[in-house]
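I have placed the structure first, in the form of structure tokens, so that the comments after it can refer back to it.
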Amino acid sequence: MFLLVMPRPDRAGAVVPLLHRHGPCAKSPSTDKPSSFAEALHRSRVRADYIMSRALRGRGTTTIMEGKVSIPAHLGTSVDSQEYVVTLGLGTPAVEQVLLMDTGSDLSWVQCAPCNSTDCYPQKDPLFDPRKSSTYAPIPCGSDVCKSLQSNHLGNGCSMNDNGTQSQCGYRVEYGGGLKTRGVYSNEALTLAPGEVVKDFHFGCAYKQRGADDKTDGLLGLGGAPQSLPVQTSALYGGSFSYCLPPVSSGTGFLALGAPSNTSGFSFTPMTDFMDDGTSYLVKLTGISVGGKQLRIPRKVFEGGLIVDCGNIISHLPSTPYAKLRSAFRAAMAAYPLIPSDDDDTCYNFTGYSDVTVPKVALTFTGGVTVDLDVPNGVLLDGCLAFTESGSDGYVGFLGNVQMRTLEMLYDARGGGLGFRAGAC
């Protein structure tokens, strides 16, 4: 059996694990060292710039527009900062693929054979070979699926047959930090769990990569556009999905397609598209507390909202909220020595301390929904406060995956809300 299955009492079907890419439980753990806070911060800022530029580029254009299966997910960096992976089966017979999950992307892709070392990066697993699958088929160039892709800034034209006619639909995605992937947009069977097979899953069969230094097999897009997994499977699972990111690299979380049968344990805040880009999910932050004390922050500075982005490690806040949070956190942590930083980060030297007391941090969203972050794993990353500044007050921010740890994050497509459930993994 190629998939670790975990029963969930609130859903029919199976649970597929979610792991950290550097964790010991990951099927193909990365051999590169986990990134330092400085590296994570750099990737996080590059990724934020990329998402903003993508939304601005597409502004003004038209975007084509009961829980059943869960997939184990693990605390796992391509597209600059993904850290969580799921293992799915692609093709017939199904071949394991370890994919970085990303709510900031729509198109899923894997590296495909044949591909030489100059065009594909050296992943841990063998490349997916579509020639060995009985259900693989390239998507025709003239199909509606290909036309939709070409109109959504993801197309790369069409390949040509020997007789000069157009044949296969091409795709191309450019991410922040210089990573590019292109290949053939294809149709294949996707196995989520034993007995749970998506027969016509559209994905990119990648034959040309640039700038990638990862060891995973590809990426799983969880955004809101038609090419994403939740939208493609909406007829089966309703378009809703959730995940829980484990707090430590040795833990296991889950990615679930479909809403749970009982949502009474969730607190919901309204969720919208970011600038109508069709991909990113936006919520509104209204307040922050540290150590149980609400910080005095004018609500108008939060007007830009927060993009909920599991592919971004660190949360980004506008200038005033970030400064207030940093000041209050430093005051509460005054007993521990700060490490000098050119970027004015808040990092501590805990050497020699057997016990460290970290204050609780809570985020309040529209509707009075207050979410307590996990302590310390939802607040600190490598001994540093896992927040940074996004820009001036009123500017859009990002809710990163550190702050999501141990929470089940339910993206309710029908209700238009984001649900939080504490202590889910």
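Even glycines carry a Cβ here, placed using N, Cα and C.
According to TrEMBL, the protein carries these features:
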- ASP102: active site (ACT_SITE)
- ASP309: active site (ACT_SITE)
- 84-421: domain 'Peptidase A1' (DOMAIN)
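ASP102 (active site) and ASP309 (active site) are 7 Å apart (CA-CA, integer value).
Highest local Cβ density among the active-site residues ASP102, ASP309 belongs to ASP309, counted as other Cβ atoms within 10 Å over all protein chains shown. Confidence across the domain 'Peptidase A1' (84-421), taken as the mean pLDDT and rounded to a whole number, stands at 91.
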